[in-house]
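A.B. asks: Sharing the features that TrEMBL gives for it:
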{"type": "ACT_SITE", "residues": "B:D52", "note": "active site, nucleophile"}
{"type": "BINDING", "residues": "B:Y111", "note": "substrate binding site"}
{"type": "DOMAIN", "residues": "B:9-104", "note": "domain 'Pseudouridine synthase I TruA alpha/beta'"}
{"type": "DOMAIN", "residues": "B:144-246", "note": "domain 'Pseudouridine synthase I TruA alpha/beta'"}
There are 2 protein chains.
Amino acid sequence: MTRFALTLEFDGTPFFGLQRQKDGPSVQQAVEEAAQRVLGKDVRLHSAGRTDTGVHALAMRSHIDIDKAIEPFRLMEALNAHLRPDPIAVTHCEAVPDDWHARFSCIGRAYVYRIANRRAPLTLDKDRLWQVPQDLDHGAMHRAAEALIGLHDFTTFRSVHCQSDSPVKTLDKLEVERDGDEVRIHAEARSFLHHQVRSMVGCLALVGMGRWREEQVAEALAARDRQALGLNAPPHGLYFVRAVYPEDA
Amino acid sequence: MTRFALTLEFDGTPFFGLQRQKDGPSVQQAVEEAAQRVLGKDVRLHSAGRTDTGVHALAMRSHIDIDKAIEPFRLMEALNAHLRPDPIAVTHCEAVPDDWHARFSCIGRAYVYRIANRRAPLTLDKDRLWQVPQDLDHGAMHRAAEALIGLHDFTTFRSVHCQSDSPVKTLDKLEVERDGDEVRIHAEARSFLHHQVRSMVGCLALVGMGRWREEQVAEALAARDRQALGLNAPPHGLYFVRAVYPEDA
């Protein structure tokens, strides 16, 4: 048995998220079916993170176990051939030790959330960014974000469907930058609660629009109450960008 | 009568080019029909450049004449509302003097051509870049491009359908840069021949792949013969990025 680490890039638009779902197509199902066609037997995909319907990935890390001799490059090419026309690509593939686990060995996750801050409808970037027509004060958003950094009870920013044992997490980074009419929010942590990034982005956007004072983000956090959430940002602006492992350090 | 200059952004994928065509949808037809619905009468759109099927625009400049009092901002909003769901957006609108002409006043055009230099299929960038799996030597491409800069007879790089009076044009800029696995070619001139950018990019790509020596680009130019063209790059990597007018200087 050889364990192969895969790096996956995907357009989340047509999928009901990364994980297998009873009610619709998932990235996991597509990759497992491609692997089944390549290898002639069932394969289980394990991944660093979960993503919701419509959320994208630039470099999700996953693994599969295979009891057949195959070169990583050939495996990657075969998976990509069988994944067509689904918008999923294996961009890297390598053999890893048996005790390396895409999810359990992962010590850091990074996301970026992209906002198109303009009035005109999106064309080339449709389904790739959240469009916010009101002028966003990204400086105020960046300052408000600082209140969320560190060890906190993130109950306010947690979906009712979250399966995490605890709402207490350490947020390592939450930064807001502007590049022309695009506002980007960068978030990093060891792990995130379900909907946490989108919920934090939604509240920061309210600050950017001037509908919330900067301090209201800290107040929402302190409330530890989902009802204190101002807004959950839509999924299509969110990208999983990086999974970090001990060997990367 | 008031002349309005429009800046258009569009995804060229579903259109048979910018110009009205007998056999399929065009950007011009879509904008003219939106204007007809806004204004209740026929309107003619004039544009700085022509683009082929599948070619995109980040900032095409166009104009329309309207004999009705309307604020530029309101016109832009109304056009965008009526353009939905077509992937065309008016990103800027302003009243201009009657003698300003989107095509005839234009003294410079800029394009960028985007190549995804990777083996893995494209997902998020499908229909946005030309995928070239072989490693491209962008330094060799950049050096080979220098032979095309300046005043030349570009017959080799001209479509048989080109309507220009002369194949002699001055190419002001042709630069190749790499950003990770993306290779971008920037082209600027007062005007271009039909298919000129795609034809130049195709030959530069052959150099990048090592299938052409750098000098073959100069040789193809000197041949002044369409048969000497190595490759016409596909349309979906090409973007019209900027039109320049005397008042911009």
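Residue numbers in this text run from 1 along the chain shown.
Glycine too: its Cβ is placed from the backbone N, Cα and C atoms.
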A.B. asks: Would you say which of the recorded positions B:D52, B:Y111 has the most Cβ atoms within 10 Å of its own Cβ?
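C.D. replies: When each Cβ's neighbours within 10 Å are tallied, B:Y111 leads.
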A.B. asks: What Cα-Cα separation, expressed in whole Å, is found between B:Y111 (substrate binding site) and the residue listed as 'active site, nucleophile'?
C.D. replies: 13
A.B. asks: Using DSSP, what's the helix, strand and coil tally for the domain 'Pseudouridine synthase I TruA alpha/beta' (B:144-246)?
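C.D. replies: Helix (H, G, I), strand (E, B), coil: 38 helix, 31 strand, 34 coil.
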A.B. asks: Over the domain 'Pseudouridine synthase I TruA alpha/beta' (B:144-246), work out the mean pLDDT and round it to an integer.
C.D. replies: 96
A.B. asks: Looking only at DSSP and grouping its letters into three states, which state does the residue listed as 'active site, nucleophile' belong to?
C.D. replies: coil
